[in-house]
Every structure is written in C-alpha cells, then in structure tokens.
Amino acid sequence: VVKEKNRMGECPVWEEREDALVYVDINSQKVCRWSAATGEVQSVAVDARVGSVALRQCGGYAIALGTRFAFLDWDTQVVTTILELEQDKPNNRFNDGKVDPKGRFFAGTMAEETAPGVRARRQGALYTLFPDLSVIKQLDQVDISNGLDWSLDHRTFFHIDSLAYAVHAFSYDVHTGKIACPRLVYCLEEEEGMPDGMCIDAEGKLWVACIDAGRVIRVDPETGKRIQTVRLPTPRITSCCFGGKDYAEMYVTSAYDGLDDATLAKEPHAGKIFKITGLGVKGIPQNFFAA
C-alpha cells in the first residue's frame, strides 16, 4: 500500500481519527503518515534517528528519537524535547515503543552497530514515560529493545530483546506501570530469523515480525506455540499493527537498509509497507499517550 521505500520502516500505528497509518523511517530520520483515503504519504524530518511514534490524546505524537523523548506537533512540524537519557552512551538510540493501557509510553534503547554486525552488547534499556513526564527505567542490560505489547486483561507485558531470539512475558501492574518476573513465551526457530516488532490481536495472540526471514508469525502466548505464518514478498520485515475498518487489516513495515546491491536488485519490494487482509482475526485500537 505504500510504495515509497523506507530505509528502515518501523513502528506502524493506526490513527483512527485521521484514517491513516503513522510510522517512522528510523535511518531517514523522519516520521511519516500514509492516508488510507488518498494514498498520499506526508513526512516530517527530525534531527536524529527516530525509533518510535505514539498517538497523543490531545493531538500530535509522542516520539522517541536519539536518546530522548519528545513531542511532535504534526501541523507545525515542531519537535519539543521532554527528556534526555543515556547521555553517557553516545552510540545508543531509542528503538521500538508503544503506549500502555493507562497512557504511559514505553520505549527501549539499543547500541548502534560500529561496523556491520558489530555492536556493544547489553547497552540498551527499557523506559517508561509517564503522563506527568517523569521517566523510570524498567529493564537494563538489554541488547536491542524491540517489539512490545500488553495482554488483553492488562496483567501481562510482552517484550522482545531481538538478540535473545525470543519473546518474554512479565507480570504487569496496570496501576503503577511496573513490570516484574520475566518468563520465556516463545523461542524463534532458525528459519524464523530475528524477532523485531510485535502486536497483539483481539484473541490475545501475538504477531511477531521476523526481520531477514520475510514473514510475520502468530504465537499463542499461553501454549508457547506458533500457530500461523504469513510470508511477505521481501526479507527485512520489521513490524506490524492492525488497522483499517474494524481493525481487520494488518499493516506490515519493511526495510531496505542492510541489503547489499546484488540482493537489492532482486528485491523490488524492500522498504515498502504491506497490507494483509483475510486473516480472520482483528486487532484492537492503539492507546493514546495521556499528556
């Protein structure tokens, strides 16, 4: 549905009030919005790599870029910094993020590669930005903080640290926003590649984007079993969300960064955004950051 290619398309969010898909291109340092009605893509350039975007209750967006949380006013294109973090880690940046059921923005960090395939280990963390604009650190020594979501009963938090090649669950206190007691939910098989973004459906099952494996997989967090695989026409599948009418469609982002010239020549769809229909399951609306 979006033929405009992204270097590193990520963090798709369905914005019902605009009938649009909002997403980021991390490496192009921009926040984008695709109109379902017109097919037009608008974008706002920012001054650092932007890992995630979230809807704000009062309009506009909360974003995590570089190592800071900020607000983006879409109409004026003004970015207002809320808080700087990890200033002692100049090689770190924010990655994936999402808003919890009480309007708090969870987003995690990671170390950038210093050479292809080379990065400092366990430099990342997971943070929560509260509506009063205070921040707590939830996890430390994370490699690549990535996909995240909450169970339908709001008692479990799901999180991916990509280099663990697994999905973990934590007990989640909806009143305080705190997470605790990690346990393994699903370990990816070799052919599934590395887990990236993730979302939950209306039946409480998880959908995980598998970067470099060209697919999204559906996992039952109760049984720890994969129950469905949907293959996409390009390898670097980065994230997914439900949207569209009744949240019956799935939108999937991809990337072309990380592919060499020979591979790129054979991958005309790399970096595009796809829509999957006919899954037979719906998603749930996104939460709004409550400030």
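For all residues, glycine too, the Cβ spot is worked out from N, Cα and C.
According to TrEMBL, the domain 'SMP-30/Gluconolactonase/LRE-like region' annotation covers 8-255.
The divalent metal cation binding site feature in TrEMBL is assigned to Glu10, Asn146, Asp196. Cβ environment of Asp196 (divalent metal cation binding site): Asp96, Asn146, Gly147, Ile160, Ser162, Val208, Ala209, Cys210, Ile211, Ile237, Thr238, Ser239 lie under 8 Å away, each six or more residues apart in the same chain.
The substrate binding site annotation in TrEMBL covers Arg93, Asn95, Glu113. Its own atom aside, the Cβ of Asn95 (substrate binding site) has 26 Cβ atoms within 10 angstroms in the protein chains shown.
Among the features that TrEMBL reports, active site, proton donor/acceptor is placed at Asp196.
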Show which residues of the chain containing Glu10 (divalent metal cation binding site), separated from it by at least 6 in sequence, have their CB under 8 Å from its CB.
Tyr23, Val24, Asp25, Ile26, Gly51, Ser52, Asp96, Gly197, Thr238, Ser239, Thr253, Ala255
When you look at Arg93, Asn95, Glu113, which the record names as binding substrate, what is the longest CA to CA distance in angstrom?
13
Other than Glu10, Asn146, Asp196, which residues of the same chain sit close to divalent metal cation? List them in sequence order, counting a residue when its Cβ is within 8 Å of the Cβ centroid of the site.
Cys11, Asn95, Asp96, Ile144, Gly147, Ile160, Ser162, Gly197, Ala209, Ile211, Thr238, Ser239
Using Cβ atoms only, which residues of the same chain lie under 8 Å from Arg93 (substrate binding site) while being at least 6 residues apart in sequence?
Ala48, Arg49, Gly51, Leu65, Gly66, Thr67, Thr109, Met110, Glu112
